[in-house]
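Novice: I'd like to ask you about the structure that follows.
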């Protein structure tokens with residue numbers, strides 16, 4: 001029963017590892033230097049099979065049944081959408097500073113270019129001009145909202161619940177077969193699928209597999225074996241193994257199955273990471289700082305590009321820079337959480353020990369009207 005008590009840690013370790021692996025794809029030497037280090041491309045394709053799916057699957061597994069749909073939406077806006085505004089503003093300021101410090105000639109139009117980009121992301125329906133990795137946060141928001149809506153539909157009286165679920169299924173099929181990118185709505189079907197698989201496995205494991213104790217059972221060794229055997233068979237049959245949720249390289253048969261085997265394989269490995277105190281603590285902290293890592297790591301790579309040659313891989317230098325990047329992002333997460341008032345924009349309000357000044361700010365007529373009452377009730381502000 002000791003493992004059941006620490007059940008969340010193994011998921012946090014996996015989510016932290018997932019975020020770290022996601023950032024690796026954005027370093028220039030991974031693709032540009034692939035002829036010199038061909039294993040880079042192989043490792044990139046290999047980890048893409050499970051890195052993003054793992055984060056979404058675990059999010060589905062940990063999805064709360066406690067909140068009703070209205071409260072759920074408010075919590076997700078507070079925890080996922082609100083921080084995007086904070087990231088967008090700070091990244092714009094940081095990019096202007098980098099421009100001022102590195103440009104040979106600083107011009108007013110050069111500065112305004114970054115401000116205009118900030119203003120344009122909302123009507124354009126994309127976060128790409130600010131930071132392309134924020135698409136993941138937006139897509140996770142939509143996926144969780146639609147999935148929670150599906151769970152609410154199940155509780156509707158029969159046969160209306162079946163009709164609603166059938167309608168939702170048709171909508172998801174239509175979305176998955178058309179091409180549009182407004183606020184990443186086209187990502188809903190695949191995110192919905194992984195959330196459903198994670199949530200469903202939680203229900204199955206609670207009923208038949210002793211809950212989270214299953215992840216510590218000897219049966220878990222089957223998943224790495226099945227994963228590598230499946231990969232070997234696909235390679236032998238010359239079936240292309242490329243999974244990239246952002247670039248729509250995905251299917252609902254062999255890639256979906258392979259990615260789920262990969263997710264469980266990593267969860268199996270994370271059992272051993274859990275026993276290494278320093279690595280355990282680091283990965284758990286990366287999980288908490290996951291969206292900060294997503295938001296700021298590309299800007300830090302841009303800073304690196306101004307001082308180092310990033311196209312050709314230098315094992316010692318670039319490995320050190322890679323680790324330093326993650327540490328800096330975690331440091332930003334730590335520092336912002338200590339900044340009164342500013343932290344309200346970046347963190348869910350319920351997770352912040354609010355000061356009297358912050359409570360007064362939230363109660364002010366200019367702010368109070370924009371905060372959902374469900375959030376205020378939880379924080380005892382209402």
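Even glycines carry a Cβ here, placed using N, Cα and C.
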Novice: Among 252-270, 347-365, where does TrEMBL put the label transmembrane segment?
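Specialist: That would be 252-270, the stretch labelled transmembrane segment in TrEMBL.
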Novice: What is the average pLDDT across the domain 'Acyltransferase 3' (11-332)?
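Specialist: For the domain 'Acyltransferase 3' (11-332), the model's average pLDDT rounds to 89.
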Novice: Can you work out whether the transmembrane segment (282-304) touches the transmembrane segment (126-147), with the criterion being 3+ CB pairs under 8 Å where the paired residues are 6 or more apart along the chain?
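Specialist: Between the transmembrane segment (126-147) and the transmembrane segment (282-304), which are separate recorded stretches, there is contact, as judged by 3 or more close Cβ pairs.
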Novice: I'd like to know if the transmembrane segment (213-232) touches the transmembrane segment (42-63) in this structure, counting it as a touch only when three or more C-beta pairs sit under 8 Å and are separated by 6 or more positions.
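Specialist: The transmembrane segment (213-232) and the transmembrane segment (42-63): touching, no.
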Novice: Which listed stretch (84-106, 126-147, 252-270) has the most C-beta pairs under 8 A with the transmembrane segment (12-30)?
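Specialist: Most Cβ pairs under 8 Å with the transmembrane segment (12-30) come from 252-270.
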Novice: What stretch in 159-176, 182-201, 213-232, 252-270 has the biggest tally of Cβ pairs under 8 Å against the transmembrane segment (126-147)?
Specialist: 182-201
Novice: Same-chain Cβ contacts of the transmembrane segment (159-176) under 8 Å, 6 or more residues past its ends?
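Specialist: Beyond its ends, the transmembrane segment (159-176) has Cβ neighbours at 146, 149-150, 153, 185-186, 188-190, 192.
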